[in-house]
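**Student:** Take this structure first; my questions come after.
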Amino acid sequence: MQQQVLGGRYLIKDKVGSGGMATVYRAQDQVLDRTVAIKIMLPQYAADATFAARFKQEAQAAAGLQSPYIVGIYDWGKDGDTYYIVMEYLRGTDLKSGIRSHGALDPKKVAQIGSQICGALSVAHKHEIIHRDIKPQNIMVLPDGNIKVMDFGIARAKNSHLTQDNNVLGTAHYVSPEQARGQELGPTSDIYSLGVVMYECATGQVPFDGEDAISVAVKQMNELPVPPSQLNPAIDANLERIILRCMEKDPANRFQSADELRQALNAYLAGRQVDVPEPTRVLAAGAIGGVGGAGATETRVMTDKTQAMARPADLGATTVRGGAGGRSSVSGGQGSYEPEPKRGRGAKIAAAIIGAIAVIGVIAFIAMNALGAGGEEFPAPNLLGMTQQQAEDELEKYGLELGNIDPGYSDDYEVGEIMDQTPGEGRSVHKGDKIDITIVRGPETKTTTVPSLSGCTQEEAEQLLKEAGLTGHPVTEANDAEEGKVFDQNPAAGEEVDEGSTVTYKVSTGPDAENIPGVVGYTEAEATNMLSEAGFSVNPVSGGYSSRYAAGYVMSQDPTGQAKPGSTVTIYISEGPEPEPEPEPDTPDSPTSPTSPESPTTGEGEETS
């Protein structure tokens, strides 16, 4: 599915998981530029009109569930013959993997996980949606320790009458007794499954196990679990009572809502007294079988330290009549039981018939939901570690065909080897079925945390990204942030991304340019006021004489047009018209005497000889 784009916007990148109903891929939403997970339904469902109707209904219902403890549904659709759901992409691991790695969890952690799952179920149940497949594989544990519940997409609206398929049955280890019998389900069915999940978290193992789904489902109906504290002494009585009340065979004896269960778990976490009744120790056979049990009065008793196996009579269970003080036990087999009292032959025959009907009903229900299309059925071969050619040769031996070939990344297999297959090894297949494979393209992509670039220069940002194993893509943009500093980035700081990913960040070029007021022709005071109000600095200088502008008026300015706020505008002040030059005085070349030189004056009355 390399480079496939669904719905015109979701670019498929790589495969991240698969199940009996769908394959999940990591993809890029090219419209919103974010990483998403896309669940693509297997091709065999595309031609099923009933499935198409239910898919649309369930996708719409799941998209309406808003909770911090539910994986968000962003979109859904059909592209050609491909049905898909677009979901929130999460990093972390499923709870099942955590239990396998670490074993039993701390009691407080068990209660915390249970409380958060209740938060998810509460929202779903208020929308009349029953999950039907609560199990650790559908609980995602995030890096911060919180959880999100997945796969509400295979749930049915409670009042839907659409036909079930094998996925609705859920995993036998976690189904409620009424679900195993194919009865109408309510919120208490999810609460039973949650009780099994908490039991496994608390003890590191499921309460009932067997060789196949049928034997496990029969135990879900007919056996009481070993108290968790007998498997893990760290489990105290309060938490044990909560877990076992969730797992009551009779739905009426369980917590009646997710909110009620959550209150009990939160009280336990807060150290307050938890008012939960002691778990049921006596089971009525008719109630257990769930089929025509009106006339059955047989009971089975579990002692304080042993597990009772309440099987139908034809399976050879040791049965006893419950008594007020019935504590003496006879050791044998899987549990310890009290001796069986004598009964009439008719009662024995009736119990045997009822038990047989119950088992037949379970077998028929599970077989109907699990066998699928019919025909000769056999387990799928293991293709992991093979090359594509080796896989084709192997499938040919079984009459199977190679389906989709997807690229993947793994540190466990060499390039060119098969790292995943759907259906997986051992899953039921028929001749002519196709097996999808994922072939290793290279080592598994490592992830890194995006650093914060806010306030950095471009040089500083590039250095931080280099240290984180990322590539930078700077973009300059006008902004009120300080010029030359980063003010935005995508992906955001703190997000987990693949090493080598590109981080786009914006570097401020300062605020956008503003229009500069034209101040020519105004007085210096008016011009200064206009420019200051527009956000500019003013630098008045003398502009010299002007025949056009009177003294004290602006004769020119620099710059004009636009400039960034805070820039300096120089205004040139006129000194008025140039003054007229003053006339120069006369200066004759040779001055003349007032008296004639030929008749010199000798003074009044002067005489001559």
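If you go along the chain as it appears here, the first residue is 1 and each next one adds 1.
Cβ coordinates are placed from backbone N, Cα and C, and glycine is handled just like the others.
Per TrEMBL, the feature domain 'Protein kinase' maps to 10-269. The feature ATP binding site is assigned by TrEMBL to K39. The feature compositional bias 'Low complexity' is assigned by TrEMBL to 316-331, 589-603. According to TrEMBL, the transmembrane segment annotation covers 349-371. Residues or ranges marked as domain 'PASTA' in TrEMBL: 374-441, 442-509, 510-575. According to TrEMBL, the feature compositional bias 'Polar residues' maps to 558-571. Positions annotated as compositional bias 'Acidic residues' by TrEMBL: 577-587.
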**Student:** If you run the three-state DSSP split on K39 (ATP binding site), which class comes out?
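**Tutor:** In three-state terms, K39 (ATP binding site) counts as strand.
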**Student:** Give me the DSSP three-state residue breakdown of the compositional bias 'Acidic residues' (577-587), ordered helix, strand, coil.
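**Tutor:** Tallying H, G and I as helix, E and B as strand, the rest coil: 0 helix, 0 strand, 11 coil.
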**Student:** By DSSP assignment, list the helix, strand and coil residue numbers for the domain 'PASTA' (374-441), in that order.
**Tutor:** 11 helix, 28 strand, 29 coil
**Student:** If you draw a 10 Å sphere on the Cβ of K39 (ATP binding site), how many other Cβ atoms land inside?
**Tutor:** 24
**Student:** Mean pLDDT over the domain 'Protein kinase' (10-269): what is the value?
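**Tutor:** Over the domain 'Protein kinase' (10-269), the predicted model scores a mean pLDDT of 86.
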